[in-house]
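*Asks:* Please find one structure pasted underneath; my questions will follow.
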């Protein structure tokens with residue numbers, strides 16, 4: 001049964017909230033929270049973050065004239081309540097589904113999403129851009145950026161704040177302090193904000209205010225409580241933010257609608273310099289299972305609303321992430337120089353398991369990929385064996401450091417690139433599409449693409465053994481294929497692939513976990529009387545040139561298959577073949593890559609089918625290369 005939401009049913013846009021009383025806003029927040037819980041229970045997605053900002057979301061849309069006033073959410077995974085209030089409630093149960101709403105803010109989706117997001121710490125920079133454009137054109141609309149305490153561990157947030165005072169006189173930054181990003185926030189800024197909230201001045205003021213107000217007649221007690229809320233900023237300070245040129249207001253209770261509305265109304269009037277409003281919230285607020293286990297309810301699959309039990313299917317094989325963590329532990333037990341680095345994603349990268357075994361050799365640097373990479377470079381320069389486990393999409397944030405601090409110096413940093421390829425429901429912002437290209441372009445870099453769990457174990461062993469240059473290995477989200485993993489895998493011979501199946505007419509050269517689909521394609525071609533060789537490249541750099549030349553020499557057509565963008569493995573293969581004159585005799589070649597678009601969210605298998613990277617797509621490419629009618633093969637390449 002859907003929740004009963006009589007007040008929310010009357011709200012079709014934020015304008016409908018602006019005539020509501022504080023009591024009605026509280027009721028609306030309760031109904032938005034119930035609607036969010038019910039919707040996410042059916043779709044899965046990010047739950048805890050959105051529940052923590054329900055009151056803040058309602059208050060912001062009540063006080064500010066969105067979409068005229070610009071409201072930018074950092075990261076965006078907390079924006080489900082925002083979507084419910086901004087005309088998308090009728091589609092909220094399509095979140096993260098094919099053809100449905102994005103799980104993040106998205107410009108193409110609504111005028112209420114002026115700036116898309118999914119990566120951390122972009123909001124203040126984007127907001128400053130809106131401020132500068134507004135100021136130049138003489139408009140008077142307001143600009144607000146909402147950023148979490150976890151994102152405040154990213155340097156980009158401070159780059160923007162450092163630039164704010166000299167850029168504009170009107171910007172409101174809402175610091176949503178829930179003391180919980182995905183993992184607990186780390187570093188000096190997290191400790192600083194904790195001191196603000198727990199400081200003696202703040203606590204003394206609260207206690208004094210409560211004691212004094214109790215002596216007042218009842219009608220004055222509420223007024224005294226409001227005065228106490230407004231005065232907090234004057235007592236607690238917020239010196240760091242003030243030194244950056246901001247007014248500092250807070251900390252205030254992010255679930256107190258009355259306080260939120262009044263503070264935001266005052267903040268909206270400030271137009272002589274930027275203001276930071278420090279709001280303290282609880283992740284998962286209002287849903288007991290999420291309050292008790294915020295880390296377990298950051299991102300969820302479908303779940304039972306009553307019990308909170310998530311409908312997780314029994315895995316047929318361990319995830320690639322878990323295999324990585326287990327294998328790294330094995331090597332760390334044998335080599336005390338092995339250390340691990342994560343950028344605020346210990347559970348997502350599996351390094352929570354490594355950290356349980358080797359806490360003193362595990363470094364969580366916060367949402368700071370640039371720092372993570374150069375920190376790893378420093379470790380490597382002094383003889384350690386660092387493994388930087390970073391999602392492919394987030395490694396993009398530290399690419400200059402990969403080039404300048406690691407590759408140019410030939411430092412043996414090992415990059416464990418998780419979430420390679422398509423990631424399904426998280427869509428284009430989280431797809432691992434580009435790492436093969438941008439890593440493979442670097443002189444001296446070793447780039448591996450394991451085909452299964454056992455090959456991943458061998459790639460890790462290879463990275464441990466490489467001590468004179470950087471290396472990287474990529475692996476996807478989700479379960480492996482169920483192959484047996486050796487007790488301790490042997491390293492691979494660098495730059496050597498393998499023949500998995502011998503054939504004659506066409507060669508299929510796979511890089512990464514499309515090997516299974518390549519073998520299926522070979523079976524389908526065999527059913528049509530076409531013999532296919534299937535090879536596993538193992539390395540995108542250095543390429544196995546001997547294998548390439550053999551495949552080119554012995555087959556009429558060559559098909560390369562990869563889970564990456566144009567300009568990656570297939571491009572490297574073409575370059576190598578051209579350099580060796582292997583294209584001169586008329587070899588028919590097709591390079592199968594992800595399409596040259598940003599694919600919207602869907603089930604991964606549907607996305608790979610759209611890309612032509614499933615068995616049927618590989619068969620179509622092979623038949624086309626050979627000039628054979630493929631009308632009997634279902635589907636088409638997108």
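Keep in mind that glycine also has a Cβ here, set from the backbone N, Cα and C atoms.
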*Asks:* Which of these, 369, 453, 455, 479, does Swiss-Prot list as part of the thiamine diphosphate site with 77, 118, 119, 120, 150, 151, 178, 287?
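*Replies:* Only hit among 369, 453, 455, 479 in Swiss-Prot's thiamine diphosphate site, alongside 77, 118, 119, 120, 150, 151, 178, 287: 369.
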*Asks:* Including all protein chains displayed, how many Cβ atoms other than that of residue 178 (thiamine diphosphate binding site) lie within 10 Å of its Cβ?
*Replies:* 23
*Asks:* Compile a sequence-ordered list of residues in the same chain as residue 77 (thiamine diphosphate binding site), six or more apart from it, whose Cβ lies below 8 A from its Cβ; state 'none' when nothing qualifies.
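*Replies:* Expected: 45, 46, 49, 50, 103, 104, 118, 299.
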*Asks:* What's the CA-CA gap between residue 178 (thiamine diphosphate binding site) and residue 149 (Mg(2+) binding site) in angstrom, rounded?
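*Replies:* One finds 7 Å between the Cα atoms of these residues.
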*Asks:* How big is the Cα-to-Cα gap, in Å, between residue 369 (thiamine diphosphate binding site) and residue 149 (Mg(2+) binding site)?
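*Replies:* Pair distance, Cα basis, whole Å: 16 Å.
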